[in-house]
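Everything on this sheet refers to the single structure shown next.
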Amino acid sequence: MALYFVYLSTLLALILLGDNWAAGTYASRYTQHVDENQSGAAAQSGSKVTSRHRNWCAYVVTRTVSCVMEDGVETYVKPEYQRCAWGQCSHVVLYRTYRKPRYKVAYKVVSEMEWKCCHGYSGDDCSDGSSAIHDSRARPTGEEGRSDSDRIRQLEEQIQSLNKNLHNLQKKIYEESQREGISGGNNLADAAQPGMKETIHSIQTKLDMLDNMTRVHDKTLTNINNHLVGGNGIENELDSRYGTLKEEILRELERRVTLSCSSCQTGVESIQRQHQEDRERIRELEKHISVMEQHHQQTLDLLSRSQSCCDSLDRKLSAIDRKVSSTAETYDILRGRLEKELRSNGNGGRGKAMEEKLNNRLRDLERRLNGTVRKTEQKCSHTETSMKEFVQREIGQIKNSVLGRNDDHGYRISTVEIDIQDLKRFINDHKNNLERLGNKTNDLDSGLKSAIHLCTETCAAKGSETEDTVKSLEWKVVANEEDIKKFDTKLKDISVSGDSLLDRVIDLSNDVQKIKDLTGQNGEHFNQIVTDVENLGRDCDVCSSIDGELQKIRNVTSYAFDKFQAELTVLGRKVFSDEHVCSQVCSNLQEEVGKLKEEVEKCTGQCMISMADHQRNVDNQNTVTRKLGKDLKSIQGELTGILQIFNSINDTLKGLRNTIQKHGNNITDLNTSKGKIYLELDQLYDDLNKHKVDSKGHFDSISSFNSNLMTEMGECRLSREGLDKRLSKMEDVCGRLDTLSENLKTIKDGLSKHVSGLWTCVNDLNSTVISHSETISRIHNVHLENIQGRMNNLNSSIRNVLKEFQIFTEQDFTGPPGLPGPQGEKGSKGPPGPRGPLGKEGPQGRVGPVGPPGLRGEQGPPGKDANVPRLSFSAALTRPQASSGTIIFNKVFINERKAYNPKTGVFTAPVRGRYFFSAVLTGHKNVKIEAVLSKSNFGIARGDSAGYQPEGLEKPMAEARHTPGSLVIFNIVLPLQEGDTICIDLVTGKLAHSVEPLTIFSGMLLYEESEDRL
């Protein structure tokens, strides 16, 4: 609706402009039709203009208008409560992020036309003004008035039709808005629709055009008003100018009104088009809502199907109730028979013995039930803690592997950038070599020019001596003019062919120079290019091998998850078998009751008990049977809950399997682009080997855990909260895997860009080599036989000319010596002569005094670090350690050089030196623990949480018993040889274990010792 209001505001602005223009035409019409008498009277008396709208002029006024426009999108968070699927778990709160448009108020300058008092007039009706202004306007003819009125009438009709269209459009929009309000309203869109911004932009440009047009019109109106108000006495000239201006104004006004009509029509069409698009979007939304309703109905059907298991559970419970009621009835019958028999018999000794036997049986049965309940609770708690530890450990390992891969990718990208910088440096060196060659060619040109200049100077100096030879040469030239002309034509032909040959030779030299620049002066770069091509082929082989490794890893991963799924199905079967075991327990109980019934029937003739004791025993038996029935119901309810939990676990594992298959598909897509990322795969190979070893260890640990879980899950009862936590953790892992896939995609895009650039460079090199080979073959194919003969003839003729010139220069042109001339004047002083040789070396001088101390020298470079081997380890206990023996700290925080073995709990010294060891052992509350720190199976230190205790006879007889502590701490420095072992043995007590470690064992190498030092 906001967009509709924007369109309406633009249409109203256009119509207001049209109305103002119409008002201008009215005003011009009324001011032009003035009576001749009135104008004549005004001219004679010097009074003001008399007309209907006298002293009024049209002005263009700008106004600032506020409008609401879109200013981006903002986000907000909304909580959503999701109910549990099977109705027994707590509500889950999900926070979703939504987007909504943000609007702002903007201001826009709009130009409008208003009627105001003309220049020199004021007052309410613009009647106050100077009396000196004369009206020199002439009344137009009737034909001109009629043509103007026809045009104005046409414009008014067009404006009225536009107003009708606007009113109809407003009615339609109002009706549509009412319909949408009845059908549920139309929510505000989250963002602007794709065509709205372009439409608004086009409307804005049209409004700017109209604004410029109104300004031009304003200027023309001001000129007209000035002419109207301040007219001079030249009436004919003013009439002609006024007529032309009037025609131009009317023509321009008509053109602009047509433009405004067309713009209004286009605006109306765009609004109708937008309205049609909105209707189509609403239909699509309705279809989407119907699809969502169908999906919702399907989910409801699934839920109703899943509730069928509850109906079966109700049937089973009702059957158990019937059985219990039948047993109660049989018990009542037996009690009645016992009462009858006891009334008939009077013997009481045997009755008491049977009563004691029955009580013993019942106590034994109660003790057995309590023991089984206690064992199941302990096993459930133990499996819960072990599952938590396993999931947290797996998540930590996945996180570390992801972070390591990200670091490796960053390092590889940095190496690629360094290689690109080296390539740029290599190209700059080639550019510098080209610049040096250009400088050398410039030097050669300058040398040639200087030689030519020197030749001209020498020839000019001997010009007087060679006049005779020149004359003789001229005679020879005249005599041989025809031969010279023929020779000239031949030379021209040879020069033309020589120029073409020279151009080819120059091109060939440029190509050869380019080849030299690429391959080097002696072919060293060519060898490098060959080695690069070989490396590319080798890298492609590495890519193929790594492709095989990735395929193997994917197969191993899919096999492991299939195995895990099969084991979970086996666990589910075991749970179903547990239900049968419970039914067997119930049948055993019924057998026990049957045996009791037989024994009671045997003893009916022998037992006689008092009625009070018998009633008490009967009440106890009733309570026991009720308790057994309740226990059976609770056990069956818990078993059904366990079944539902395992079904949900199977569903989540199926979802995880699908996500892993999707990730496998993504990996195959990455493998298809292996030609583009060959620069990174050489380092990924090592990482994949490491990851393969780690994954094998993880799968081994998973298999061991599954074996433990299979042995202990027979009587397990999983808690609801633990499952929720595990599911949330698994969802976090999936989210992290999604982020990892996104990071891999971005890295793949960047690498593909780099590799595509390198491939373009290789393609350019190949194209240049191909072009060079073509030019070389073209040069080899050129026939040079005729050119060679012509060049030989030319060289022979030039040699003959040179011989004649040499003979001419060798002639002696000197005449006889002349008379001696007069003595010349004394010359000026000459320059000083050269320096003479060095004299003998003098004796050595005395030793001078000691000078002041010099300045402090600069700081030298830092020295190398001492070669201190780094060795440390730290491990914690997260598994139960109930029995005595070597404590196996299974959770490793750090283990440099793999000196600590987490499977045996033993540290082996790899080098000789001094070592520091620290251990913190935490036991259960008020339970004494005792441990020994051993070096190579020899006790070094002993720890007792209860403190020192005297042995044997030294122990006092009467002493107060204090609550023992549950903490033992070791801090010790030991000299170890290479191969010595350190471990901690538990003597008595039981250590505490938790996900957050309570028992920790750490050690480190202080310094290494050599043999000569000891």
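Please read every residue number as a count from 1 along the shown chain.
Here the Cβ of each residue, glycine as well, is placed from N, Cα and C on the backbone.
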Cysteine from Cys118, Cys126, Cys261, Cys264 that Swiss-Prot links to Cys57 by a disulfide bond: Cys118
Recorded disulfide counterpart of Cys126 (Swiss-Prot; options Cys89, Cys117): Cys117
Swiss-Prot annotation of coiled coil - which of the ranges 145-179, 250-284 it falls on: 145-179
DSSP helix/strand/coil residue counts for the domain 'Collagen-like' (815-865): 0 helix, 0 strand, 51 coil
Secondary structure composition of the domain 'C1q' (866-1012) [DSSP: H/G/I, E/B, coil]: 6 helix, 69 strand, 72 coil
Cβ-Cβ neighbours of Cys126 (disulfide bond) (radius 10 Å): 19
Length of the line joining the Cα atoms of Cys117 (disulfide bond) and Cys57 (disulfide bond), in Å: 6
Which of Cys57, Cys117, Cys118, the listed disulfide-bonded residues, has fewest other Cβ atoms within 10 Å: Cys117
DSSP-derived helix, strand and coil totals, residue by residue, for the domain 'EMI' (53-128): 0 helix, 56 strand, 20 coil
